[in-house]
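**Student:** My structure is below; once you've seen it, I'll send some questions.
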Amino acid sequence: MEHAIITTSASGDSNGPPAPIGKLILVASIAAGVQFGWALQLSLLTPYVQTLGVPHTWSSFIWLCGPLSGLLVQPIVGYFSDRCTSRFGRRRPFIVSGALLVAVAVFLIGWAADMGRKFGDLPDKKTKPRAVVMFVLGFWILDVANNTLQGPCRAFLADLSANNHSKISAANGFFSFFMAVGNVLGYAAGSYPKLHKIFPFTQTEACDIYCANLKTCFIFSILFLLILTTIACTIVKETPITKEELEKGGESVPFFGQLCSAVKVLPKPMWLLFLVTALNWIGWFPFLLYDTDWMGREIYGGDPSGSDVQVKLYDQGVSVGSLGLMLYAVILGIMSLAIEPMAKCLGHVKRVWGLGNLVLAICLGLTYVVTKMAEKARGAASLPPPSNIKATAVGLFAAFGIPQAVTFSIPFALASIYSSTAGAGQGLSLGLLNISICIPQMIVSVLVGPLDEAFGGGNIPGFLFGAIASAISDTMSRASTAKVSSIIVGNHWRWQYGRSAVVGAIERATPNSFLPNVLCEDSIRSFCLPLGFFQSRQLGMLFALVLLKLTSIRLFGLNIMFHDGL
């Protein structure tokens with residue numbers, strides 16, 4: 001039977017010096033290539049698959065591959081990368097393999113219509129089954145590839161940081177920065193309707209302008225990813241580890257045994273974080289699935305399988321929706337820098353988390369209001385919405401960046417601190433975090449299509465379902481999460497705690513079922529470790545100017561303390 005060993009650094013020596021910042025930046029830059037393709041997935045692929053004849057009701061089932069691959073692939077890849085003895089290192093073989101898989105997947109998705117026609121799809125038929133098969137195959141491979149890439153990338157950064165928490169913080173910040181770069185580039189590319197003119201060969205008899213734009217976007221995506229991956233994996237070296245070094249590193253545990261052990265040693269308050277995060281993602285996923293489709297259908301009144309006028313309106317709406325998503329990514333970055341001042345102002349991180357969930361619920365509820373405004377303005381005519389409706393819808397898209405900044409920061413910040421003390425390898429522990437996100441996505445993928453159909457079609461029923469889940473997560477995060485505060489202290493970060501104050505606050509604020517059996521000094525200290533990296537305020541502010549429109553989560557120090565209350 002295969003066995004796993006817990007290891008923490010690229011060389012197998014957790015006491016080695018951390019890598020220089022330049023190498024962290026190079027590895028983190030791969031996230032821009034991954035997120036470029038992910039942004040294209042979110043903004044363009046749900047509308048595209050409907051042009052191939054997949055009904056709106058069933059399109060959400062295709063997205064099951066995302067949470068399934070996240071649930072299974074990331075922990076398994078993390079497990080094998082933790083114990084890989086390749087001469088190229090532990091993480092790089094998986095990163096390169098993932099990038100090559102992305103290239104294969106992008107080809108299958110972009111050229112699905114052409115291959116479907118070649119294999120027998122008829123142009124006058126609404127449904128193109130062979131094209132759908134190629135698309136779904138490529139879509140699933142793309143999600144597996146993204147998970148194969150992203151997990152080892154994060155683990156590689158943790159390895160290079162060599163348990164230096166300020167370097168870990170910086171690495172996570174750089175990774176998030178490049179995720180935001182990829183988001184902005186992907187949404188911007190998806191919103192430009194004439195991109196296909198750069199590569200005229202992309203438009204064929206089987207592939208219209210919308211399809212040609214999709215091909216062109218993915219060509220840029222894969223070139224971008226391959227260039228970044230090649231540079232990072234060529235310049236940043238890993239010191240291979242041998243089987244003998246693995247055997248010296250700790251007790252050998254079978255894969256599922258290690259998985260169960262990693263779950264058992266997680267502090268019990270972490271389960272509350274998982275639960276609130278799961279509800280939060282039940283709120284998010286309907287919007288992420290159907291955001292541009294909502295703009296094309298409900299706001300513009302289009303239909304991808306309707307008349308030529310309706311198809312044109314739908315395509316216009318999808319393009320405007322991609323523009324809204326680009327603004328959403330910008331607002332996300334700006335809001336990310338405001339999280340810590342908000343935490344200081346409100347007194348507790350849990351209040352910021354709860355507020356983010358509440359804003360998400362309100363935004364999802366407002367989609368119903370904006371839809372009714374668009375329907376009233378449109379009447380029976382097949383006309384684009386008036387400018388004020390367009391502006392309101394795009395503004396609502398941008399507003400979703402506010403709660404997304406919270407979703408991308410607070411849960412991941414807490415989990416990244418726990419990963420160093422949870423008793424599992426970096427790859428496996430980071431894979432475990434994905435479970436509380438993947439399971440709700442699976443639930444939504446199965447339920448949201450039939451739910452929309454049961455209430456008359458469209459996207460609003462799924463959005464309102466998400467609003468209810470977000471409101472519940474807001475209530476739970478406010479009522480049940482232990483009191484947690486974020487404090488910024490001048491140009492440096494410090495933490496303080498008293499064991500009695502810590503335990504007392506947890507006992508008062510956390511239900512008994514979530515109380516840890518043992519609250520040791522080391523676990524409290526590790527929870528309170530600062531996430532800040534920039535000790536120079538000037539350097540931090542200079543970097544913040546660059547990040548203002550692009551970063552995904554804050555880079556300034558987050559000091560987290562259980563205490564009697566601010």
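Note that Cβ sites are derived from N, Cα and C of the backbone, with glycine treated the same way.
The transmembrane segment feature in TrEMBL is assigned to 21-40, 60-81, 93-111, 131-149, 170-190, 218-236, 271-290, 351-371, 391-415, 427-448, 454-473, 539-562 (among others).
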**Student:** In the same chain, which residue numbers or ranges, 6 or more beyond the ends of the transmembrane segment (21-40), come under 8 angstroms Cβ to Cβ?
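**Tutor:** Same-chain contacts beyond the ends: 95, 99, 102, 106, 142, 146, 149-150, 153, 156-157, 160-161, 167, 170-171, 174-183, 185-187, 189-190, 214, 217-218, 220-222, 224-229, 231-232, 235-236, 325, 329.
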**Student:** Same-chain Cβ contacts of the transmembrane segment (351-371) under 8 Å, 6 or more residues past its ends?
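**Tutor:** Those are 276, 279-280, 283-284, 286-287, 294, 298-299, 339, 342-343, 389, 392-393, 396, 399-400, 402-403, 405-407, 410-411, 458-460, 463-464, 466-468, 470-471, 473-475, 477-478, 481, 486, in sequence order.
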**Student:** Please figure out which one of 93-111, 170-190, 218-236, 391-415 racks up the most CB pairs under 8 Å against the transmembrane segment (131-149).
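**Tutor:** By Cβ pairs under 8 Å, 93-111 leads among 93-111, 170-190, 218-236, 391-415.
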**Student:** With Cβ distances under 8 Å as the criterion, find the stretch in 60-81, 93-111, 218-236 that has the most pairs with the transmembrane segment (170-190).
**Tutor:** 218-236
